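These come from TrEMBL:
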- 18-220: domain 'Cytochrome b561' (DOMAIN)
- 18-41: transmembrane segment (TRANSMEM)
- 89-109: transmembrane segment (TRANSMEM)
- 121-146: transmembrane segment (TRANSMEM)
- 167-188: transmembrane segment (TRANSMEM)
- 194-218: transmembrane segment (TRANSMEM)
Amino acid sequence: IHPVGEGLGMRDFWIYVWLRRAALIAAHVTGLGLTIVISVLSRPGTTQDLIICFLEGYCLCMTEGILLFSAEGTIFCLKSRKNKVRFHWLCQALALVAAAVGLGFILASKVVSELPHLVSWHSLMGCCTLAASLLQAGCGTCLVFHKQLRLSSSPARLKLYHDTCGLVVYLLATGTIMLAMVSDWFQATVKGAAWWLMAVLPLFPALVAMNQITNAYLPRKKISS
């Protein structure tokens, strides 16, 4: 039983479980939905390519890579932890590749247009997200190859570092995506209540992922029947 659900009666506990499962499904749908909608609205060959790549990398791939280890289960048919770890690596690698491709698009666009680089909060936070992603990937590599690298830190401590860094990366990526929603292009394309909805939707998968990571380290309490 999940540590956060401990201390609840059986009826309240099952309500809690189903609410968590509903939130998990909604996080999957939100990540995929945002990626599809913005991809349809964007124009290929423009600076919007960076937004699409960030969404595909972080809002979709990284979200699935994190929720893969949810206590409520996963949408993928993966039972063993070894297979989950492998798929997690694949998702994180795809997120980094997508972010790197997006960075390449935006750099090429700025050079062709002769525009200055790193002049907006969106671009600055995007760079911070990429830097933190590389650090998080390094922590994950140390965790997987702990014996081969003969590291002094224990696997449990490395896992804590990796998960914490992953949470920071995800929150930075969420902030980057939300800043993209206030760009001139997006505000001109989506208006009114639809804009407010799209602007806050990235927060939902982030809250679900943050809840999953933090709950993994909460102290367990005795369960009451």
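Cβ atoms are placed via backbone N, Cα and C, with glycine included.
Predicted automatically and left uncurated, TrEMBL annotations should be read as such.
Computed from a predicted structure; not experimentally measured.
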Long-range environment of the transmembrane segment (194-218) - Cβ separation under 8 angstroms, sequence gap at least 6: 2-4, 23-24, 26-27, 30-31, 33-34, 37-38, 59, 63, 66-67, 69-71, 160, 163-164, 166-167, 170-171, 174, 177-178, 181-182, 186-187
Model confidence over the domain 'Cytochrome b561' (18-220), averaged pLDDT: 80
